[in-house]
Amino acid sequence: MYIGVFVFVGHLSLHRHKQKVGKEGQVLHRSKRGWVWNQFFVIEEYTGPDPVLVGRLHSDVDSGDGNIKYILSGEGAGTIFVIDDKTGNIHATKTLDREEQAQYTLTAQAVARDTNKPLEPPSEFIVKVQDINDNPPEFPHGPYYARVPEMSNVGTSVLQVTATDADDPTYGNSARLVYSILQGQPYFSVEPQTGIIRTALPNMDREARQEYDVVIQAKDMGGHMGGLSGTTEVKITLTDVNDNPPKFPQSVYSMSVSEDKVAGEEVGRLKAKDPDLGDNGLVNYRLIDGDGINMFELTTDSETREAVIKLKKMVDFETKRSYTLKVEGSNPHIDPQFLAWGPYKDEATIKISVEDADEPPVFIASSYTFEVEENAPPGTPVGRVHAKDTDVANNPVRYMIPRYTDVEQFFSINAEDGMITTTKPLDRETQPWHNISVSATEIGGHHQDTKVRVNIKVKDVNDNPPEFATNNEVLMCETVAPGKVIETLSAVDKDEMAYRQHFTFNLAPEVAHNHNFSLKDNRDSTASIYVLRKGFSRLTQDVYYLPIEINDNGIPAMSSTNTLTIRVCSCDSKDTILSCNVEPYVLPAGLSTGALIAILACIVILLAIVVLFVALRRQKKEPLIVFEEEDIRENIITYDDEGGGEEDTEAFDIATLQVRVRGRDIKPELQYPIRPGIGRPAANSVDVDDFIKTRIAEADSDPTAPPYDSIQIYGYEGRGSLAGSLSSLESVTTESDLDYDYLQSWGPRFKKLADLYGTKDFHAN
């Protein structure tokens, strides 16, 4: 490898001196720089054993005596680039890579070696790294994925790939790239300069091969020998077009269906194959011919895209045992580009055989309607049903009436011949129609049965007499004029009216010659009631009963006597009815009787509520009476103050110990004088225990006494009492000379207290 060393030597230039007077009158001279250079070059990726000489610096002030020192600074100075400070030679100590840094800017200066005083102004220079072909091409966006329609023409553009080279495109051919295909021929090609991939073969079929792996190479140095290269992979997928017609795998399909299948049940399936995808492979089916086109129908399964043959009507093995259908499958989406490759449809024949099944009997008619007269005696024939076994075996049939269709069992049927008869008389007016079912079951086989509807009409017989159409009373004014029609009668009959049949009306024989009313038959199934006299008074007679005979003229004729009620009423001058009762119809002005009764009832209820409330209040104020032993309780009332003697006006009153007997207070008749200072009772005092027992017995026998005792406790010592203090609140802490022996004379109730104090005194001694 040739390595060039460039040496730039500064040339002494002409000096122009400009005088300048200094502070002390000294003349200063500015000399022009005496050395210059432009730039150095160094080859990248040099791997020799010695540092590369980049160039040499030399100043014209350097006389070669070694008094000048060269200094180098800037990018890479001291690390990448070093300088011999005596000779000015610059060397590169490391391998350089142009792709990392293309140039370096350095500064050189010549100084005096002994004083480091600059002899020349600093000057910059550039070291450029000279490029070599050391970087192969790269595809930054690889690998690539592309799609192209199948059956595309030769030269159809698929994809453009682009490679990059890190070498200097301005220097030599290091970055000049050329594309070529290494894998994917003869199906695809690539343009050398642009990297555009194109189809190279016609009629590439996706159904034969869908994906292709192509390898593209990019080589620098213009593709010449010695150039570096890089590759990338391109996965090319052929997309689908509708270039294949549907095809049935078979030309003839065989199916079967049992005659007991109902309409809508599936018979079989078939599917035409189309290797195309999506809408291109979609197939529509239809029936185009065959003798079974009216017995079967075709639908398409939306998920499996199969043609589904279904039963449209029930088939009968005994009538026809086989059918033929012709099915067409076609593509609904056809690409005009490939229209000449058609037709895009196919046909297939389906042969369907009908299988015999053990069918239930079949009635001759889908339903039956019979008539029978009402009131016919039991056993009267109604009609006959007939069913037969249509199977080849032709088994006999038995008949029955399901009870749930004839709950009251009006009918029965002969199991052998299907004759229906009555079991009891029928009433048309109660139920004009009877709707029952008859079941026919074949004997033998699978005992299958079938049912038929039988409608039985009950024919009318004239067995009901006519009667008034309405039972309303006839209201007549007292002042009615003779000859006036007060009512027009009409009649109804529960039986059916025959043609030209009508009702006739007559007064009953017992009133045929009455002097009050007459009847006229209008011969149109109505009659008019006339008044014969005047002077009716409701006070004399307010109601008249007029019996009338009605005849229906049927066969046989039926008649009945109905009573017409005529009520006499009070009317005004305009014949407006005011009252039809004996008492006045309108009450005097004021409240009605009903309103008065309602008000009185409310008053009575309010009084009852008040009395009940007062009684409950009084009951709550009565003293508590103990009725059960379990309810006995005691109330202990505690006071936190000590009785204060006579000076204490708020002390407890002895009256609380009084016992109520028979509604009056009983106080102790004896009082017990207390010796001052001692608190001992007199020698002749009554025994307190006996007194308390007496009072307890009286209280227990008194039914009005409260069921509890009251005990008062004082919490402080009283002062000013002439009787002295009975409290031990102070005596327990001070020496006391009181004698408590008198407590022994109070009886057993105070024995505990006497022992307590007596014992204390004993121990104190």
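From the backbone N, Cα and C atoms, a Cβ is placed for every residue, glycine too.
Per TrEMBL, domain 'Cadherin' is recorded for 59-139 (among others).
Under the heading domain 'Cadherin', TrEMBL lists 140-248 (among others). As a summary of secondary structure, the domain 'Cadherin' (140-248) carries 3 helix, 45 strand, 61 coil according to DSSP.
Per TrEMBL, domain 'Cadherin' is recorded for 249-363 (among others).
Mapped onto DSSP classes, the domain 'Cadherin' (364-468) shows 3 helix, 47 strand, 55 coil. Annotated domain 'Cadherin' per TrEMBL: 364-468 (among others), in sequence order.
TrEMBL lists 468-586 (among others) with the feature domain 'Cadherin'.
A Cβ distance under 8 Å defines the sequence-distant neighbours of the transmembrane segment (595-616), meaning residues of its chain 6+ beyond its ends; there are none. What TrEMBL lists as transmembrane segment is 595-616.
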